[in-house]
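Undergrad: Straight out of TrEMBL:
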{"type": "DOMAIN", "residues": "9-112", "note": "domain 'Mur ligase N-terminal catalytic'"}
{"type": "DOMAIN", "residues": "118-288", "note": "domain 'Mur ligase central'"}
{"type": "BINDING", "residues": "Gly120, Thr121, His122, Gly123, Lys124, Thr125, Thr126", "note": "ATP binding site"}
{"type": "DOMAIN", "residues": "310-419", "note": "domain 'Mur ligase C-terminal'"}
Amino acid sequence: MNIDQIKKVYLIGIGGIGMSGLARYFHKLGCEVSGYDRTETELTMALAQEGIPVVYEDDVTTIDASFSAPSEEALVIYTPAVPKELKIKKYFLDKGFELFKRSQVLGIISASRFTIGVAGTHGKTTTSTMIAHILKDSGYDCSAFLGGISSNYNTNVLFGANNVVVVEADEYDRSFLTLHPDIAIVTSADADHLDIYGDESHLIESFEMYLDRVVDGGKRIVKKGLPFKGDISYSQDVEADAYAKNIHVKDGQFYFDYVSHEVTIANVLLGIAGLHNVENAVAAITVARLLKIDDSKIVDALANFKGAKRRFEFIVRNEKHIYIDDYAHHPEELRAFLSSMRKLYPEKKLSVVFQPHLFSRTRDFIDGFAEVLGMADELLLMEIYPARELPIEGVTSSWLLDKVDLSNKRVVSPQEVLEIARDEQPELLVTVGAGDIDRLVKPLKELLES
């Protein structure tokens, strides 16, 4: 495939965060872009407003006639998350089209560029968004394919004038093995996606393969304690090649000192909250310094960094209510998020609305979820979001709830969440999960601000 020859693109599963980024990328290049997704969301509506039509019915008659036969000008991209029996997918296969995964296309786009790849079972979205922002804000510039919507730029794809690209390197389905990074970061490697990998050892092996793909002379930046060999180690507060110390909260904001063998940068203000985000910032600073960006510009960029949507995102912050929305869907992500909530607001009652994501993940990490959800003062547990999965017998939110050591807990529907919030007027509320729990954000915001 020659990217320069592409004039029309169809994306099957266009509403995914990674797929929508590719849709925007090709649309910016002047291609005719369209696609299918099963559900209308804020993201698909945004694509439509940008001139990228999206259909929601699995109906082959909605496909433009220009896709009647394969050509060098036509590209069809799909996500592995779509069902195999999808009629639209079958249409393209029957017509003889070669279907490309998002990861394959991303690998082709980035192959001729200086690539900064950010991988990890958690932390990769914020870290890649942070790196891209530092490069943009400092004037260094870059393009970027992000796994979340940057709050600074309100998009998940950035365009730069130079040859540098920041890519969120996704381990799901081994997608990141299409990349050849010049700088590779690994933020974490906790057991996850066991439906793909089978066990943790195969996941670890996949990360090792990713690091092996770094180009000659490139750099591997790896969180200290992970079972991988890197060129530079980093950590939140444990001594490493780069780490943070003197972490403190002042007026609701996080400050820290960045320490490496070459330099100490004192009193760095982080524009977003979270102890885990201090660690992400250490990785981002390390990358920026490898690129010879001035320390003062790095500090300025971190101070005005607004994060990514659904990553420790403040929705309401007034005298009566604090409401934060987050994408955490793994026990370790939840632990990092809730620990930061406790550090920021130690005196407030913490009400947690959590929607488990995937039956298999809930089953595989049931005890971890139960332990960390016990950090709440009040737990409102929604039903499991199935995504690509069929139900697994016995794996339910009620099963998880029974394991949580907490008296104030219940399984609730979305409507009940709104009713409870209206009646209780919680002082510190969080909605957490990777499913469709974000549909509650707007009504909860309106309710708490009314």
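Numbers run from 1 along the shown chain.
Glycine too: its Cβ is placed from the backbone N, Cα and C atoms.
Note: TrEMBL annotation is automatic and uncurated.
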Undergrad: Taking 8 Å from the centroid of the Cβ atoms of Gly120, Thr121, His122, Gly123, Lys124, Thr125, Thr126 as the cut-off, which other residues in that chain fall inside it around the ATP site?
TA: Val118, Thr127, Thr187, Ser188, Asn280
Undergrad: Just name the most isolated of the binding-site residues Thr125, Thr126, going by other Cβ atoms within 10 Å of its Cβ.
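TA: Looking at the binding-site residues Thr125, Thr126, the Cβ with the fewest others within 10 Å is that of Thr125.
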Undergrad: Sort out the sequence-distant neighbours of Lys124 (ATP binding site) for me: same chain, 6+ apart, CB within less than 8 Å of its CB, listed by position.
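TA: Spatial neighbours, sequence-distant, of Lys124 (ATP binding site): Val118, Gly147, Glu168, Ala169, Asp170, Ile185, Thr187.
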Undergrad: As a quick check of your reading of DSSP, tell me how many residues in the domain 'Mur ligase C-terminal' (310-419) are helical, how many are strand and how many are coil.
TA: 41 helix, 24 strand, 45 coil
Undergrad: If you draw a 10 Å sphere around the Cβ of Thr121 (ATP binding site), how many other Cβ atoms fall inside it, taking every protein chain shown into account?
TA: 20
Undergrad: Under the DSSP assignment, what numbers of helix, strand and coil residues are found in the domain 'Mur ligase N-terminal catalytic' (9-112)?
TA: 43 helix, 19 strand, 42 coil
Undergrad: What mean pLDDT does the predicted model reach across the domain 'Mur ligase central' (118-288)?
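TA: So the average pLDDT across the domain 'Mur ligase central' (118-288) works out to 92.
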